[in-house]
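What follows is a set of notes on a single structure, which appears directly below.
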Amino acid sequence: MASPSPPPESKGLLTFEDVAVFFTQEEWDYLDPAQRSLYKDVMMENYGNLVSLDVLNRDKDEEPTVKQEIEEIEEEVEPQGVIVTRIKSEIDQDPMGRETFELVGRLDKQRGIFLWEIPRESLTQEQRMFRENTNIIRKRPNSEEKCHKCEECGKGFVRKAHFIQHQRVHTGEKPFQCNECGKSFSRSSFVIEHQRIHTGERPYECNYCGKTFSVSSTLIRHQRIHTGERPYQCNQCKQSFSQRRSLVKHQRIHTGEKPHKCSDCGKAFSWKSHLIEHQRTHTGEKPYHCTKCKKSFSRNSLLVEHQRIHTGERPHKCGECGKAFRLSTYLIQHQKIHTGEKPFLCIECGKSFSRSSFLIEHQRIHTGERPYQCKECGKSFSQLCNLTRHQRIHTGDKPHKCEECGKAFSRSSGLIQHQRIHTREKTYPYNETKESFDPNCSLVIQQEVYPKEKSYKCDECGKTFSVSAHLVQHQRIHTGEKPYLCTVCGKSFSRSSFLIEHQRIHTGERPYLCRQCGKSFSQLCNLIRHQGVHTGNKPHKCDECGKAFSRNSGLIQHQRIHTGEKPYKCEKCDKSFSQQRSLVNHQKIHAEVKTQETHECDACGEAFNCRISLIQHQKLHTAWMQ
């Protein structure tokens, strides 16, 4: 009886090799026993699925007995270093109907080829018998052949199983579900990796540092930290990376691509992580919490930097002097001391600085900006450190303590000056890079810090100063320089403090408030004078008649009654006056057309439209004469 001819091969039927996974010798050695067991189970499951779905390329009349007939995968290491992995399924006892499926993973260790590609004369007798008696043996598909092509995106695949997996990207199919949380995945391997979240299993351990991972690919990437391997190189700049995704992100620098867009403000980012961090500015989310002080941060990097305050860690060390810093930015700024680099240039005066913060503070000299205001008294400052020092006046805080006698000071300069009592040091150095003269500061306080010594001399008039900044300001009297310009009216000033006071004319700002009556002033000196009304203090006394005044200007004007001095002279009629306001009122006579009779004071020359106003005015002269 003739043997029945094999049925024609149906279109779309699979061989077991279509869904088989092949390992190289190196990959197989890397797997632990549990992983090899998993591999065996998956291969058996795949074969069982093919048989149960009736898509296997075999006789339809044959009934598989998968459970009993699939033998264990045997792992035999041949003398030639070849892995032997078999799966056998005996269909029935009929020799013509018997079909043995064997997943042959025999790889030559040196050349990486399959068993059937080795010349027959090079095989052992056992290997020749195995190859010749195997009914279905197919070569591993050529890595260049990609016969399975995706109609959606055109991507090609060598294996049909990979092609099927890829199609789920387009269809969104996720047939593999987690029993714990119900989350579904497109691949069974993804489920296995995901389930380790629930079990806490981390089977992949680093041989270098002992760190464990739940996914093998994460371990491979991690080990590149130890080996220094960077297999992914940029074609544009030749920079290499340890991870492919890092290369993809890097290439956006060259292409300018920013695919991640913020839905709130429209700002785009090249990296998704940057978008996530940016979105926290809208949501206010701060998911990273410090376990020491409960402070929270929007970025993990900020938390890491903050935690060094508690640990005292200073990982960034200067190669020149050995000084260590908590942040890399601090180290970069410090290194400019050694290099002398000053990349930040002021466009107004050309002065350069090593830090951008120094430039910003300097530019406030030109703009007159004083953004730091004291909530207690309203005084404002151009630098935060100056405000901090000033606030100690209100709080009474004296953080600088003398180790010799225990006396405390609110400023470090006060402590330094005091310590010279103990050391008998008689010199008074001044660090101009740390502190600068503030016109609003008490001159008495500054003279206590820098007593007597005035080493800065003006070449024009010989006047000396204890601080170089004071000399620079003084020299503008001789040069006429007025570098501080009002942007509103164009008026210029020799000092930034003068500009600030002037700008309050435009803004109407009156930051100095009297606590007694609530009256406010644009200048601190006016507030001090006003407060004399409440205190009744009149420190300025006339030596001639004993009359006292709350202001020095009032005393000077009064003394002209005794001396007869009239320094204010009218250019029209040569008449002179003891007070400037009297001259101003007098000049109105020349400037305005007389439409009515005016009444002029014989004592000072001030004119009035009403006679009663003149009489009231003359009472001032008679009161002063008493």
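Cβ coordinates are placed from backbone N, Cα and C, and glycine is handled just like the others.
Feature annotations, courtesy of Swiss-Prot:
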type: DOMAIN; residues: 14-89; note: domain 'KRAB'
type: CROSSLNK; residues: K67; note: SUMO2 cross-link
type: CROSSLNK; residues: K88; note: SUMO2 cross-link
type: ZN_FING; residues: 148-170; note: zinc finger
type: CROSSLNK; residues: K160; note: SUMO2 cross-link
type: ZN_FING; residues: 176-198; note: zinc finger
type: ZN_FING; residues: 204-226; note: zinc finger
type: ZN_FING; residues: 232-254; note: zinc finger
type: ZN_FING; residues: 288-310; note: zinc finger
type: ZN_FING; residues: 316-338; note: zinc finger
type: ZN_FING; residues: 344-366; note: zinc finger
type: ZN_FING; residues: 372-394; note: zinc finger
type: ZN_FING; residues: 400-422; note: zinc finger
type: CROSSLNK; residues: K434; note: SUMO2 cross-link
type: CROSSLNK; residues: K452; note: SUMO2 cross-link
type: ZN_FING; residues: 512-534; note: zinc finger
type: ZN_FING; residues: 568-590; note: zinc finger
type: ZN_FING; residues: 599-621; note: zinc finger
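The stretch in closest packing with the zinc finger (148-170), judged by the count of Cβ pairs under 8 Å and taken from 176-198, 204-226, 372-394, is 176-198. Sequence-distant contacts of the zinc finger (512-534) (same chain, at least 6 residues past either end, Cβ-Cβ under 8 Å): 377-379, 440, 501, 504-505, 550-551. For the zinc finger (176-198), the partner stretch with the most Cβ pairs below 8 Å, chosen from 204-226, 344-366, 400-422, 599-621, is 204-226. Sequence-distant contacts of the zinc finger (599-621) (same chain, six or more residues past either end, CB-CB distance under 8 Å): 575, 577-579, 581-582, 585-586, 588-589. Note on K160 (SUMO2 cross-link): other Cβ atoms within 10 Å of its Cβ, all shown chains, come to 17.
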